[in-house]
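Novice: Under the heading transmembrane segment, Swiss-Prot lists 8-28, 35-55, 71-91, 104-124, 125-145, 159-179, 203-223, 235-255, 271-291, 297-317, 374-394, 455-475 (among others).
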């Protein structure tokens, strides 16, 4: 098989990140230098982001039977790269106080983002499985990076067990689908499923297994078991990557699979997905109510956000508005999560014990770090879906899609979930403005806004507000990513 220059251009983000992985590996082997390797990683990710412009000029194409590069792939590749960039940026000050080898952290983030890009472009079940493994395996190491802390090591082991269970279910489901249809390509699967094969027991069993596997990866109820423990134990920059890049990449490939293969046409599958979405929204929000640890709280809130997205996924057969809703919602979720976890990262460092994840650490933050408190408040309001923030636009889209598709009980769940969510997000926001404790046990650096991590947090807050007030540029961008399917 010969690859044309056009196809090489279409693969540029993947090739650039792959090349960066090799360069960083060689750089570590040659000489350990934290600043040099962090810079190389950030430059590589930035170059991959810039290359998306050239990919757009090349147009939509099937590069290999495993991958399709189009507007959809470009949008989600861009979001994954932004999340990876933010992770590296937050990790630099966090790793400055780390006693052991710092450089491998960037290497693992780059390999995981490579998996994310592969997932965004995947057009075949083999690429889906490869991408999921490529994004999961580096995370085992990243979650346990602060291995001197018991919680970090525990989180790593729990995530490894969860991942192994998910992969085995997923692989078995893929095998059953292949046994029945003889195809692994999304398009060919779509044709097989279109020929009234959706009632075949083997096919339904395969789909069920895949839903279980992907449910583990997306931390949907009832497959969310140790998700909050993993968020709590992982270093703050890794929690950022877990909440954003890994979720966005996996959700994008699930959406492409549902677009090509009309899985939602089966009433049984729709009911199962509906129950999972309903349970994720209600359970995620109810469990977050009692949390006093901000990383656990954000872990439970990520379960409910994925539940909201599932509503749009179930309504996918009802037109392109669902795809638009998912694109806008994920962009809002990305920037809100980057800001929230960014603040936690700025307040944390490995040599001061566990991360600053207790709500008490943020009490009265406004009185000595007013701008940082304002940023955190904006992020909490956006995650809660308050008007004038990007989170509201995403929630509004999901509600509109639910109403349009006639998913009344799921739309009611979104409304109830948002009402419950309002309480615990505002609890975090209000604690920032209470009187500060006598002795500050945690604080961000004095000049935090001049650090790279601080700039990322401020830009995220600005984008959440700007797109919340005037969302048209973002909506146009998401719409442009759709017709190239």
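Yeah, the Cβs are placed from backbone N, Cα and C, and that goes for glycine too.
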Novice: Please determine whether the transmembrane segment (203-223) and the transmembrane segment (271-291) are in contact (criterion: at least three Cβ-Cβ distances under 8 Å, sequence separation 6 or more).
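Specialist: Yes, the transmembrane segment (203-223) and the transmembrane segment (271-291) are in contact.
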Novice: Quick check: do the transmembrane segment (297-317) and the transmembrane segment (235-255) share at least 3 Cβ pairs under 8 Å, counting only pairs 6+ apart in sequence?
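Specialist: As far as Cβ distances go (cut-off 8 Å, pairs 6 or more apart), the transmembrane segment (297-317) and the transmembrane segment (235-255) touch.
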Novice: Are there residues at least six beyond either end of the transmembrane segment (374-394) with Cβ under 8 Å to its Cβ atoms? List them, or say none.
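Specialist: Same-chain contacts beyond the flanks: 301, 305, 325, 328-333, 335-337, 339-340, 342-343, 362, 365-366, 418, 421-422, 425-426, 428-429, 432, 457-458, 460-461, 463-465, 467-469, 471, 474.
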Novice: Near the transmembrane segment (159-179), which same-chain residues lie under 8 Å Cβ to Cβ, leaving out any that are not at least 6 residues past its ends?
Specialist: 125, 128-129, 132-133, 136, 139-140, 143, 189, 202-203, 205-214, 216-217, 223, 225-226, 230
